[in-house]
Amino acid sequence: MATYVVVGLQYGDEGKGKITDVLSAKSDYVVRFQGGDNAGHTVYAGEEKFVLHLLPSGVLQCPGKCIIANGVVVNPKAFMHEISQIEEKGMRTDHVFISRRAHVIMPYHILLDTYREEEEGGTQIGTTKKGIGPCYEDKIARVGIRMVDLLNPEVLAEKIRKNLKIKNSLFEKYFEKPGIEFEEIYKEFLEIGQKLKHRIVDTEVELNQAIHDGKNILFEGAQALMLDIDFGTYPYVTSSSPSTGGVCTGAGVPPTSLQNLIGVAKVYTTRVGNGPFPTELNDELGEKMRKVGQEFGATTGRPRRTGWLDLVSLKHATMINGINNLVITKLDVLSGISSLKIATKYKTEDGKIIDYFTSSTTKLYNYEPIYEELEGWDEDISHARTYDELPNNAKKYIEFIEDYLGINVYLVSVGPERSQNIIRKELF
Ligand code: GDP
Ligand code: IMO
Ligand code: MG
């Protein structure tokens, strides 16, 4: 039995897609277990660039199956669009399947997400406006539409009718916007069901059987722990559990089956959307990180906020996830910065020094990071493929992270391309 979980440890965009793509070459299954097309996972295969939103990043290389499991919220139109994009590039997609239990993002979810974000005086989260939050709300409220419902005309009609009654009253009376007509969406989603029916399957039994048979199974997280609905900077979070714990409920596999828990972190920090960010740099250096690191949202194109590495939040993330293997990415981006800061503690507004992450999001805005300073390096390290090829100061930077977190870095990424990795221990 060999199971692998890849999760993000910061605010998303750590390079999970790249790592999943690399590991998927030896996987029998690659499984998405939460989130939806709010994700943007970039994979470079030679000259070719792919940005995957809903499809597992294993779709390009995995010799087995790619599964969108029950915990994912699926926009079927976005799914079909992504499938055709991959097929246009001559790649296969016949190995991609969606759980019958996965919830469907409906047009009213996207509108609700958008109206809320555009509401004057509202709490703007800075969402991707993909309808993620409203879809998960309906799931928990037990009024959601599942993939399996698209295959049953009567059930689908009844569910759409019931939902439109409430949603339209909200759109018309509260937001003063037009409602949605039943006919507008019923037929369309029924047809979508027919187009996708060969891909809509039960996934949990097959996955558990695969675990039993000792197959290699890779679970790919979207978003990251600091955007976790419970353990992130609530309410500036996404609406799912992007933690290793989310794998169990999101794919229907038991905790005892999870073995290699791989946490991915950038060597600095980025965040898209609103919310506190203690180590944020609003200066030239932050701008340089954005430029060199190409820090623009893969889903929305928004410039990502940038800042120093924050080990206080990273420790929180590795603790909640139980990470036993670290991947650090974008080490190449730090080349040429003479002095590197790493936050190891916070100073609270009343002067207390703490080394743990707080549940009080409002207070976090006033926390000051306390930094350790390390010497940088000038060399271009993007061609390094062994640990020994790295400059001493780069090694010291990595070892500082390892010592603080008490976890070994097993892979160092030094560029966006598949081959730009320093692998210190073979996990597969
Ligand atoms: P994900 O959401 O975690 O999959 O990450 P994104 O794809 O949204 O953002 C990561 C970006 O960094 C992508 O453009 C990757 O191609 C790129 N990337 C990944 N690893 C490295 C690396 O080690 N160095 C550099 N320079 N870029 C990287
Ligand atoms: P990947 O998988 C970075 C952020 C949004 C917003 C918040 C809530 O590429 O790392 P949502 O649309 O989910 O309701 O938005 O979460 N967000 C991400 N930030 N990477 C992502 O995914 C994200 N998915 C959502 O910007 O702040
Ligand atoms: Mg991303």
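Glycine residues also receive a Cβ, built from the backbone N, Cα and C atoms like all the rest.
Values in this document were obtained by computation on a predicted structure and should not be read as measured data.
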Pick from THR3, THR114, THR238: which one does TrEMBL list with ASP13, GLU14, GLY15, LYS16, ASN38, ALA39, GLY40, HIS41, THR128, ARG142, GLN223, ARG302 for the same IMP site?
THR238
Given GLY40, GLN223, VAL414 as the binding-site residues, which ones have a Cβ positioned under 6 Å from some atom of ligand 2?
GLY40, GLN223
Ordered by sequence, the long-range same-chain Cβ contacts of THR42 (GTP binding site) under 8 Å (at least 6 apart) are GLY17, LYS18, LYS49, PHE50, VAL51, LEU52, ALA298, PRO416
Taking THR128 (IMP binding site) as the reference, which of GLY12, GLY15, LYS139 (the recorded positions) have a CA within 10 A of its CA?
none
Pairwise Cα distance for THR300 (substrate binding site)/GLY40 (IMP binding site) [Å, integer]
9
